[in-house]
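Peer 1: Quick one: the structure is below, and I'll ask about it shortly.
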């Protein structure tokens with residue numbers, strides 16, 4: 001169906017909102033009617049087939065300022081993993097050589113997918129489920145990413161609660177993780193201990209004899225009071241109180257929509273950069289810092305011959321940008337229709353990558369200092385995950401002058417890094433469901449309260465004595481293969497079923513420029529192939545989770561797979577439901593299922609472009 005010419009039968013009328021001429025004012029609606037013998041015809045090539053009714057379009061709130069949107073996207077994408085995962089992967093996989101596959105995958109897959117989600121949400125002006133009016137049969141992928149974001153909230157908020165606990169603990173003359181004379185310490189605690197094991201440094205029994213490790217595992221988590229995931233014990237009141245504060249902060253950041261969250265990110269998205277700069281300036285002055293930075297940047301191009309390096313780069317690109325959680329779709333749905341989403345995608349992905357790379361200097365300057373302090377190689381103190389930011393880094397900070405102040409600043413940075421990412425995940429769930437169910441839309445504040453309370457109640461399992469085992473299980477299964485699967489189906493749905501040509505036309509209507517051949521090739525071929533590769537690799541290389549020396553029982557692994565498959569199952573379940581609920585023959589059902597809702601009148605006339613070879617070959 002041509003966008004410049006839409007014929008309708010006698011006694012029909014067409015109402016189409018014209019392209020916005022003023023981004024600030026309400027959308028003007030223009031009707032250009034040409035009387036013909038056969039009825040009424042719309043003849044303006046700039047008119048838009050609206051993604052929703054004009055009333056819905058007018059009621060859609062928008063960001064107060066463009067910078068609110070950019071800070072929200074940056075705050076969501078730049079999270080704790082930028083600090084604790086990328087620098088370690090870079091060091092482990094050949095230093096500077098790791099940047100080759102990382103930047104390659106970022107350019108051919110990461111940026112195109114990021115751009116695709118921003119454009120998808122902005123054009124359709126709905127959340128992760130509602131945008132699938134472009135291909136109704138795949139609406140289940142919207143519920144997949146919403147459910148994944150909901151699952152992630154169960155354990156991600158706990159990391160923020162840990163950081164808040166450490167933040168409060170920093171307001172003491174002597175930091176509680178520098179001595180072995182506390183009530184939680186074991187007889188094996190030794191101030192002078194240095195680990196010679198890099199396997200899970202800080203999270204195993206060997207390194208667990210340092211004061212910093214014992215404070216995290218015994219003083220905060222009370223892990224010594226649990227025998228495993230089948231012996232959780234009661235929630236710890238200190239962590240529960242911190243979790244309550246996190247939930248309260250999240251609720252009042254989200255209850256009024258982007259009008260409130262857009263103001264919160266002015267602090268949460270910018271403060272980490274101030275603190276990282278201060279830590280870098282302090283870190284490079286420490287003895288051994290240059291050794292750590294040299295280890296971080298050392299180039300070993302022979303490592304590029306190893307498949308594991310490319311796998312690590314591919315998975316890091318997928319997870320670091322935050323595609324597939326529905327957050328980018330939700331955020332961009334509140335943009336003005338004519339916003340330049342292409343420029344936004346380039347800016348935010350570039351900032352994300354630069355932040356990951358620069359944080360490595362901060363991390364490894366302190367790791368070099370710790371290696372010299374303990375007289376061990378860098379590899380014996382280099383680690384990723386919670387062990388880095390809750391054991392290694394606090395121990396290093398504790399040796400500095402004004403250690404309490406540095407500790408408070410560091411954990412305040414972790415709080416802000418976590419809060420805006422958690423806000424993004426919650427907004428994905430709220431926007432996705434509120435846009436789908438009008439009853440929830442009328443009671444958004446109450447629904448937001450219900451969502452944050454639900455995540456709080458389920459997060460309580462993670463703040464028990466054995467809560468770290470629940471945390472590890474959720475971290476391993478909730479957003480692993482399932483999120484990659486969701487992004488793969490999303491990419492196929494947009495580029496193949498909806499069509500790259502149609503998608504490019506949509507972007508041209510918004511920005512005035514059609515994406516060039518490079519982006520269309522990436523959407524059509526490169527990104528789906530890349531995602532298929534990553535999904536297959538994640539399944540083939542799957543290893544059951546473990547925490548230090550603790551091996552999870554079979555029933556726990558089975559529960560983990562139930563969590564993972566429950567979100568992925570939304571795709572076939574909804575597709576089956578949609579197909580069976582449509583009227584007509586098998587061919588008519590299929591036509592309605594894969595044709596955008598706005599083009600269903602064409603299906604009535606037997607014009608189904610998805611049934612033509614040309615549709616599948618066009619770029």
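Glycine residues also receive a Cβ, built from the backbone N, Cα and C atoms like all the rest.
On a predicted model such as this, the values are computed, not experimentally measured, just so you know.
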Peer 1: According to Swiss-Prot, do residue 179 and residue 542 sit on the same side of the membrane?
Peer 2: yes
Peer 1: Report the candidate from 356, 358, 359 that shares the chloride site with 316, 320, as recorded in Swiss-Prot.
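Peer 2: Same chloride site in Swiss-Prot: 356.
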Peer 1: Going by Swiss-Prot, 77, 79, 82, 320 bind Na(+) 2; tell me which of 339, 340, 352 is listed for that site too.
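Peer 2: Answer per Swiss-Prot: 352.
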Peer 1: For the topological domain 'Extracellular' (287-305), jot down how many residues DSSP puts in helix, in strand and in coil.
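Peer 2: Once the DSSP states are binned, the topological domain 'Extracellular' (287-305) shows 14 helix, 1 strand, 4 coil.
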Peer 1: Please name the residue among the glycosylation sites 181, 188 whose C-beta has the most neighbouring C-beta atoms within 10 angstroms.
Peer 2: 188
Peer 1: Can you give me the Cα-Cα distance between residue 181 (N-linked glycosylation site) and residue 188 (N-linked glycosylation site) in Å, rounded to a whole number?
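Peer 2: About 11 Å separates the two Cα atoms.
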Peer 1: Quick one: average pLDDT across the topological domain 'Extracellular' (287-305), no decimals.
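Peer 2: Averaged over the topological domain 'Extracellular' (287-305), the predicted model reaches a pLDDT of 90.
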Peer 1: For the transmembrane segment (236-255), I need the partner stretch with the highest count of C-beta pairs below 8 angstroms, choosing only from 306-334, 335-375, 400-441.
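Peer 2: The listed stretch sharing the most Cβ pairs with the transmembrane segment (236-255) is 400-441.
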Peer 1: Which of the three DSSP states, helix, strand or coil, fits residue 188 (N-linked glycosylation site)?
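Peer 2: Residue 188 (N-linked glycosylation site) sits in coil per DSSP, no helix or strand.
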Peer 1: Please tell me whether the transmembrane segment (553-582) and the transmembrane segment (128-171) touch - that is, whether there are at least 3 C-beta pairs under 8 Å between them, with each pair 6 or more apart in sequence.
Peer 2: yes
Peer 1: Are the transmembrane segment (442-465) and the transmembrane segment (306-334) close enough that 3 or more Cβ pairs fall under 8 Å, when only pairs 6 or more apart in sequence count?
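Peer 2: In this chain the transmembrane segment (306-334) does not contact the transmembrane segment (442-465) - fewer than 3 Cβ pairs sit under 8 Å.
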Peer 1: At a Cβ cut-off of 8 Å, and with pairs 6 or more apart in sequence only, do we get at least 3 pairs between the transmembrane segment (256-286) and the transmembrane segment (335-375), yes or no?
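Peer 2: Contact between the transmembrane segment (335-375) and the transmembrane segment (256-286): present, because at least 3 Cβ pairs are under 8 Å.
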